[in-house]
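> Features from Swiss-Prot:
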type: TRANSMEM; residues: 33-53; note: transmembrane segment
type: TRANSMEM; residues: 66-86; note: transmembrane segment
type: TRANSMEM; residues: 101-121; note: transmembrane segment
type: TRANSMEM; residues: 148-168; note: transmembrane segment
type: TRANSMEM; residues: 170-190; note: transmembrane segment
type: TRANSMEM; residues: 210-230; note: transmembrane segment
type: TRANSMEM; residues: 243-263; note: transmembrane segment
type: TRANSMEM; residues: 354-374; note: transmembrane segment
type: TRANSMEM; residues: 377-397; note: transmembrane segment
Amino acid sequence: MLPDWACHVEDIMIIEHSAEVRGKTPLYRHLYVQVLAAIAAGILLGHFYPDIGTQLKPLGDAFIRLVKMIIAPVIFLTVATGIAGMTDLAKVGRVAGKAMIYFLAFSTLALLVGLVVANLVQPGAGMHIDPASLDAKAVATYAQKAHEQSITGFLMNIIPTTLVGAFAEGDILQVLFISVLFGISLAIVGKKAEPVVDFLQALTLPIFRLVAILMKAAPIGAFGAMAFTIGKYGIASIANLAMLIGTFYLTSFLFVFVVLGAVARYNGFSILSLVRYIKEELLLVLGTSSSEAALPGLMNKMEKAGCKRSVVGLVIPTGYSFNLDGTNIYMTLAALFIAQATDTPLSYGDQILLLLVAMLSSKGAAGITGAGFITLAATLSVVPSVPVAGMALILGIDRFMSECRALTNFVGNAVATIVVAKWEGELDQAQLSAALGGEMQVETIPAVVVQPAE
């Protein structure tokens, strides 16, 4: 049984669908086509007019800010109303526990995959770079931020100083913490809290409508972000370290379609169908290099695909800090690349230490551009064998690997949501099959707008 707001959204979609039957929506009106065209235009502008391209960074930054502005209320409404509707509060603990088991298992597997591939391919072998010749100042800022991170600090940061502080700062884990506690409180109060729950459910529709409006700016944000990236770093900068970039992209591709593909098949769905289903969100992540930009859309689509709201609200926001498959592959692969490029021998003991440290430091990496680089600095600062100054080697190309990290993280969280929902018995398999098979008229968030802009 869908909540009232979801029924209203479905009514709107039915109206739109009937309009499409009378006259099919032109291809250029689809969001994924617009974003794809914007990415291509940004690449061309950044390449041929780099000075102009570097000045367009505010377009990408502004769009990310717009999306981050709405993430906190989306998470709060989804989680609080989802938990409030639970008759068995023990389910909250079970869902969270199963999600953390999944996150730990696949995060560790991703780290191992990066480690194994780096040993087999050895992308940094033969470079013979002296660490003393590298510009350590270039990575000093990242290293300083890395030193500020600690496990205790990370855990304490989950608890906000004030109730409104979490929403003001937009910290995902803090908002999730408050949302879970508030949802549990509503469930405990019971009937007396029904007016509050009804209000929150009614508020969900205009909030998602606001997301729809903001998503109309996605092509502009993707255009600005891509023009800046190419304009500042240049396509030529990729060629110097093409081996590392190619190895990382191929490894991530295989992890998604082989490892996660096997998990998907075991749980009764196709990874290819899932990727097609979330293609608009993936293009948005590609254009902005931030998985946070597509978080509201992913939560919306996972619920439409048959995952219960309570599972979606717990798994996805938590996964943005604890289930970062792409970041984990990158960390061990990049660390061994630096060691190989600087002729730093690493014993099996050193590599195991690197793996253990990475398992801890990768938790809590934010879903924003550059977070993976800071996390790598945190890992290398604890492992003395690998020179931190070696990070200067990959500083120029990190931005080009950031997209792949974000895409892999994003798909990993989509798979995790479906798997945990199935484990908990909170997945409508028929609805999932219909959504992934294209049999349902499941639209992206922007399609909620009834009257398309002329």
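Cβ coordinates are placed from backbone N, Cα and C, and glycine is handled just like the others.
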> With pairs 6 or more apart in sequence, are the transmembrane segment (33-53) and the transmembrane segment (377-397) linked by at least 3 Cβ pairs under 8 Å?
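Taking Cβ pairs at least 6 residues apart, the transmembrane segment (377-397) and the transmembrane segment (33-53) are not in contact, as fewer than 3 fall under 8 Å.
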> Using Cβ distances below 8 Å and needing 3 or more such pairs, separated by at least 6 in sequence, tell me whether the transmembrane segment (101-121) contacts the transmembrane segment (243-263).
yes
> May I ask for the residues of the chain that lie six or more residues beyond the transmembrane segment (210-230) and have a Cβ under 8 Å from a Cβ within it?
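Residues packing against the transmembrane segment (210-230) from afar: 31, 34-35, 37-39, 41-43, 45-47, 50, 52-54, 56-64, 66-67, 70, 74, 283-284, 286-289, 293, 296-297, 300, 399-400, 444-449, 453.
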